[in-house]
Amino acid sequence: MGLLSDPVRRRALARLVLRLNAPLCVLSYVAGVAWFLALAFPPLTQRTYMSENAMGSTMVEEQFAGGDRARGFARDFAAHRRKSGALPVAWLERTMQSVGLEVYTQSFSRKLPFPDETHERYMVSGTNVYGILRAPRAASTESLVLTVPCGPDSTNSQAVGLLLALAAHFRGQIYWAKDIIFLVTEHDLLGTEAWLEAYHDVNVTGMQSSPLQGRAGAIQAAVALELSSDVITSLDVAVEGLNGQLPNLDLLNLFQTFCQKGGLLCTLQGKLQPQDWTSIDGPLQGLQTLLLMVLQQASGRPHGPHGLFLRYRVEALTVRGINSFRQYKYDLVAVGKALEGMFRKLNHLLERLHQSFFFYLLPALSRFVSIGLYMPAAGFLLLVLGHALELWMQLHEAGVGPEEAGGASGPSPPLPPAQGVGLASLVAPLLISQAMGLALYVLPVLGQHVAAQHFPVAESEAVVLTLLAIYAAGLALPHNTHRVVSTQAADRGWMALKLVALIYLALQLACITLTNFSLGFLLATTMVPAAALTEPCGPRPLYATLLVLTSPAATLLGSLFLWQELQEAPLSLAEGWQLFLAALAQGMLEHHTYGALLFPLLALGLYPCWLLFWNVLFWK
């Protein structure tokens, strides 16, 4: 306390901070990026292990041999689907009843906020069909779910056939201690969301659905299955859920364990596991997988039906069968045995999965990075925003008299002593920037009909174009805000505004990083350097270009190009722009349909904050 109360020591501390702040910020940023890149290399990446004792061994004998029966179910399902043009509800009911399940249906409907051009739908209505296998050794207090989504452009008939064959096989076993729900949903994630809301008796998205006539116990875990053909070459697993949620790591370890037991080739993000982690090739391949997972998680999208289960505290993952040109070939029996083994081990659980990690990154299926090892990367980046301390000290030195501040000097030119900065000079930029963010969030959907009437575009295109128009209109804000800002103490005015903007950005990035590390790290990597460098004096065109290139929209566009590059499918500029427009529309749809938070975070939080730095740059 003596250091802060003594004016001489306080001035010495201020001079030290002002002198070392710039090199420390550069060093901190480089350390954060280097730490993240090192996450794919041992010893920061560790081998996965099973933490739950009830699932620590694979000593179960899988007896599933219904490959022919599964293929027969799949052919019949595909034929009835082609004949009816929709989900064959009546056929599914009869077939599930024939294998001994309690069968129920649920109808649902949803009017989207604007037409979904990707899936060509606006008014959506459908029916979910599910059958319950009651546990002979328990009182229906707990359950497991095996679900198959059926979209309008993909029947997923092989997965439906395997689900029905597994239901028939499970019906003949007497060791089940948990109910098993076999669920077939229509319209992909919309049907899954409708069923989950009805099962848990909530309505968080405005879905209209009929109440469920039959229920099982509390859902402990779920597996979503998607198959592209009768023969597969590998199984790819998806773990990223809504708003970046992840399932308990033990569930993923269970999947990998039974794939290894059955000799199945399993992949993550479509990438094979590195075999040699001692050479440089293995960690470099792991880094590509790690980057793909970061981009997937940062998007906040549910990358499969499992992503919606995670919202209800149900551990879930999606398994996709891939049929490529690899030499390994597996039939439905091998996939069925892996699923049977997983469900038999989940049947042993005495409590919910909780002993392993919920926050992790995956450079490979057999390797993971825990939260304690990847959080320092974001911490180093956020330390760059300590530039706010330098601004605060400069403002303090400017606000004291020359007798008290005598001898104090720093790298920036001294400011004349004057009165402190009035809060009124900061109110206008803050209010106008936040109002632009609110307009960005509200107006595109509300004004779609007006825009479609006055311009020759469809409603979905009108929403995206309105969004871009409001976003670009923010560039004119400095000219508007300076009309109401006092011209007195101009230097201290922009310093005070930048100080507030830095604190605002630091708080947002810190909160985002705690819940979705990938999103927080990507935004910090792009926005922090520009935020620290921006000031009205200096090379203003260079700073303006840097600010535009690190804005939230530019970060999204760059992430799309990086994603395609990592997938070894690079895009041209025109293709990237079209993908960017589609991503904007899907982001708004997923927010209004499933509750994804990326769009409101960018519109109501980060975009207004970015506008504050834009105001700082053009401060007069």
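Any Cβ shown, glycine's included, is placed from N, Cα and C.
Feature list (source: TrEMBL):
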TRANSMEM  20-41  transmembrane segment
TRANSMEM  357-385  transmembrane segment
TRANSMEM  421-442  transmembrane segment
TRANSMEM  462-478  transmembrane segment
TRANSMEM  499-522  transmembrane segment
TRANSMEM  542-563  transmembrane segment
TRANSMEM  595-618  transmembrane segment
> Counting Cβ pairs under 8 Å that sit 6 or more residues apart, are there three or more between the transmembrane segment (462-478) and the transmembrane segment (357-385)?
Replying inline: no
>> Looking only at the recorded stretches 357-385, 499-522, 542-563, which one has the largest tally of CB-CB distances under 8 Å to the transmembrane segment (20-41)?
In response: 357-385
>> Out of 357-385, 499-522, 542-563, what stretch is closest in contact terms to the transmembrane segment (595-618), meaning most Cβ pairs under 8 angstroms?
In response: 499-522
